[in-house]
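What Swiss-Prot says about this protein:
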MOD_RES   Ser52  phosphoserine
MOD_RES   Ser183  phosphoserine
MOD_RES   Ser648  phosphoserine
MOD_RES   Ser678  phosphoserine
MOD_RES   Ser679  phosphoserine
MOD_RES   Ser690  phosphoserine
MOD_RES   Thr693  phosphothreonine
REPEAT    122-158  repeat 'TPR 1'
REPEAT    415-448  repeat 'TPR 2'
REPEAT    498-532  repeat 'TPR 3'
REPEAT    533-566  repeat 'TPR 4'
REPEAT    745-778  repeat 'TPR 6'
REPEAT    779-812  repeat 'TPR 7'
REPEAT    813-846  repeat 'TPR 8'
Amino acid sequence: MAAKGAHGTHLKVESEVERCRAEGQWDRMFELARHLQMLGISGGGSSNRRNSPSGRFTTLDTDDFVKLLLAEALLEQCLKDNHDKIKNSIPLLEKTDHRLNEAKDHLSSLLNNGKLPPQYMCEAMLILGKLHYVEGSYRDAVSMYARAGIDDISVENKPLYQMRLLSEAFVIKGLSLERLPNSVASHIRLTEREEEVVACFERASWVAQVFLQELEKTSNNSTSRHLKGSLSPDYELSYFLEAALQSAYVKNLKKGNIVKGMRELREILRTVETKATQNFKVVAAKHLAGVLLHSLSEDCYWSPLSHPLPEFMNKEENSFVTQTLRKPHLYEGDNLYCPKDNIEEALLLLLISESMATRDVVLSRAPEQAEDRKVSLQNASAIYDLLSITLGRRGQYVMLSECLERAMKCAFGEFHLWYQVALSMVACGKSAYAVSLLRECMKLQPSDPTVPLMAAKVCIGSLHWLEEAEHFATVVIGLGEEAGESLPKGYLALGLTYSLQATDATLKSKQDELHRKALQTLERARELAPDDPQIIFYVALQLALVRQISSAMERLQEALTMCRDDANALHLLALLFSAQKYYQHALDVINMAITEHPENFNLMFTKVKLEQVLKGPEEALVTCRQMLRLWQTLYNFSQLGGLEKDGSFEGLTVKKQNGIHLTLPDAHDADSGSRRASSIAASRLEEAMSELTLTTSVLKQGPMQLWTTLEQIWLQAAELFMEQRQLKEAGFCIQEAAGLFPTSHSVLYMRGRLAEVKGSFEEAKQLYKEALTVNPDGVRIMHSLGLMLSQLGHKSLAQKVLRDAVERQSTFHEAWQGLGEVLQDQGQNEAAVDCFLTALELEASSPVLPFSIIAREL
């Protein structure tokens with residue numbers, strides 16, 4: 001019974017030794033080594049145990065086996081304590097760490113005595129090879145592994161810890177070969193060495209994955225047999241196991257072997273994961289996503305289940321064939337998802353990585369976890385950066401903002417994440433939220449001028465929050481020289497804010513003051529950045545707004561020398577020509593600009609006005625047809641792409657709807673149905689368009705600018721039809737616009753114009769009043785209402801409305817003309833003459849469309 005009990009104890013201790021060596025529990029190894037010495041037995045291998053369980057204890061020298069265990073434990077403890085030095089390839093010195101010296105003495109003694117069986121002698125060589133590497137003796141490490149014959153070692157039916165030793169041996173051999181001096185080696189020998197390095201790394205990766213899968217399987221089985229026992233702690237990867245997992249793909253990618261690097265990464269990600277490899281797989285997925293985004297175009301992509309292009313394979317040399325008997329288990333099945341392009345695969349990888357990274361991120365602010373928190377935040381931030389690139393390339397800014405919002409739980413005090421979220425909100429059109437986020441970014445980095453500058457840009461553009469824009473621009477200017485290149489942009493933002501405030505001001509004195517401040521501020525920006533074409537352009541635009549046409553032309557020519565094809569600059573040039581009454585020159589410039597920017601509707605609206613003045617409404621209606629055709633083309637394109645670009649026509653977010661086609665009405669006589677000779681150009685509109693029209697039941701989806709543009713096209717066509725006295729067709733166009741925005745002030749105003757042309761003055765007056773209620777600052781509405789009131793005999797009220805119009809926009813010459821006519825009817829001839837003279841003066845410098853139609857934005 002005593003012998004049977006001793007035998008059971010021997011088995012238990014031996015199994016515990018193997019388990020601790022596999023799991024890396026090196027502190028426990030010292031206790032087990034002492035236990036073995038007390039028992040006076042050897043720790044025979046599991047293969048011996050299987051073959052001869054009763055005779056293994058007398059064939060081994062206990063002291064030598066204990067030395068082997070102690071040497072490995074001492075070395076592993078030393079490596080764990082010097083992880084950073086090992087990672088940075090800093091050799092460890094025996095004199096600075098006694099454990100290294102003791103381990104080396106034990107191993108040298110074992111190999112010199114040669115009393116251990118071959119299995120343990122081989123293990124001693126593998127451990128000593130690792131020790132040589134950390135000492136910086138790379139040639140000795142390679143020699144020791146050659147002596148151990150690692151290329152011929154099999155992992156079948158071996159203890160788990162031997163698989164770990166073999167995996168580490170392969171990666172260390174590869175690392176040692178990389179670090180050997182190559183000054184005297186031939187080119188052929190260097191190439192062979194490189195191939196051998198890659199082969200070592202590949203084998204190390206395969207063996208490491210098999211080891212970790214088997215280790216977890218063994219641990220799970222052990223836990224299921226001892227349900228009442230405590231769960232074993234998660235396995236912590238050593239430096240060399242981490243290197244074994246990733247060195248193969250890192251080496252291939254560094255050499256430019258994209259195919260092999262991607263193959264390694266994809267195989268790693270397809271292997272059945274373990275707890276120990278979860279974090280590593282996040283890193284691998286991030287690496288593969290980076291390769292897909294930065295090193296592979298969509299034309300060269302191949303899916304995980306297909307083969308790469310032949311030209312890729314021809315460029316990369318053949319590597320050694322890895323003769324691994326066992327392969328790691330892969331995820332397999334009939335319904336596995338397979339990406340179709342590199343963006344799709346990268347997005348899938350990053351979304352998986354993001355879910356894991358945000359789940360495991362360290363949120364604690366405790367000082368002892370500061371380093372872990374820093375590393376986890378860096379990993380999460382890198383993933384979100386790649387997500388920004390991936391989703392940005394597809395224009396999926398809403399999805400990006402949703403992803404980045406999930407990062408806010410770990411973004412406390414992290415400027416980069418806050419700024420990324422803010423930028424994503426800007427891109428997806430959530431401008432007010434973006435400004436709030438940018439305010440927080442300013443608190444985190446108050447000396448960074450780009451943050452308030454971005455906030456000013458958003459406030460000036462989509463929000464029209466001019467007071468806030470003024471504040472943010474002032475913050476940039478307040479940084480002074482610290483703002484660097486952003487300082488001129490700060491003055492530009494402030495100048496544009498003053499200019500927009502002048503446009504919004506209701507008193508002429510306030511308008512003049514703000515225009516003066518805008519011009520002074522913009523000139524200051526030009527002094528700081530004399531070669532910035534954007535600043536010079538806005539100086540020219542500001543001069544045009546205050547009707548300094550000659551000065552504006554000089555500045556604009558200066559800007560055009562730097563940016564000949566800029567759409568806004570060419571647009572302003574055309575408007576300046578039209579203000580000087582050079583309509584043909586203006587039309588030539590607009591046509592040239594449209595050639596360069598065929599999807600710019602602002603240019604086409606100006607072209608319509610120029611053609612209306614120069615050639616009559618017939619030619620202008622042809623351009624309206626082109627605008628409708630362009631709108632429909634962009635709309636159809638948006639159904640296919642579904643890209644998100646707020647406020648842009650380059651990929652509109654509009655869900656597919658069948659049956660949307662646009663056409664202007666047939667220009668027939670309402671009574672006889674015969675075609676008028678004057679309507680030949682207008683009749684050509686329907687020949688290019690479908691018979692179906694945009695019905696009122698269509699749901700408006702996508703950026704509002706898309707639909708307001710369509711509304712303006714219909715209303716512009718209605719105005720042209722009214723000029724030709726084709727009132728039925730004009731009514732049809734207004735009806736189409738009303739189907740989009742029934743209460744729009746533009747629609748109400750045009751309905752009033754149509755009623756006025758028809759002679760329904762009371763109806764026209766009521767519609768003008770409704771339009772003015774919706775848009776109290778509409779000077780054209782005021783002008784038409786004033787004239788209508790005058791025609792109905794309400795002279796005093798007409799005078800008041802027209803005075804409000806000229807006070808609201810002092811450069812509107814038509815309102816001055818109308819006011820003069822009303823004053824003349826009231827017998828105030830002297831005041832009327834002043835109004836007529838002002839109207840003549842302003843008309844001499846009035847463009848076909850107001851200069852303010854050109855966007856003022858950063």
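Just so you know, glycine gets a Cβ as well, placed from its N, Cα and C.
Quick caveat, the model's predicted, so the values are computed rather than measured.
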Same-chain residues at least 6 beyond the ends of the repeat 'TPR 2' (415-448) with a Cβ under 8 Å from one of its Cβ atoms are 380-381, 384-385, 388, 392, 397-398, 400-401, 404-405, 407-408, 454-455, 458-459, 461-463, 465, 468, 475, 479, 482, 644, 646-647, 703
Should anything in the same chain at least six residues away from the repeat 'TPR 6' (745-778) have a Cβ under 8 Å from its Cβ atoms, list it; otherwise answer none. 504, 506, 711-712, 715, 718-719, 722, 725, 727, 730-731, 734, 737-738, 784-785, 788-789, 791-792, 808
Quick check on the repeat 'TPR 7' (779-812): DSSP residue counts for helix, strand, coil, in that order please. 27 helix, 0 strand, 7 coil
Who are the long-range neighbours of the repeat 'TPR 3' (498-532) in its own chain, taking Cβ under 8 Å and residues 6 or more past its ends? 460, 464, 466, 470, 485, 487-489, 491-492, 538-539, 541-543, 545-546, 562, 777, 807-808, 810, 852, 856
Using a Cβ cut-off under 8 Å, which residues of the same chain at least 6 positions beyond either end of the repeat 'TPR 7' (779-812) come close to it? 506-508, 511, 547, 745, 749, 752-753, 756, 761-762, 764-765, 768-769, 771-772, 818-819, 821-823, 825-826, 842, 846
Using DSSP, what's the helix, strand and coil tally for the repeat 'TPR 4' (533-566)? 27 helix, 0 strand, 7 coil
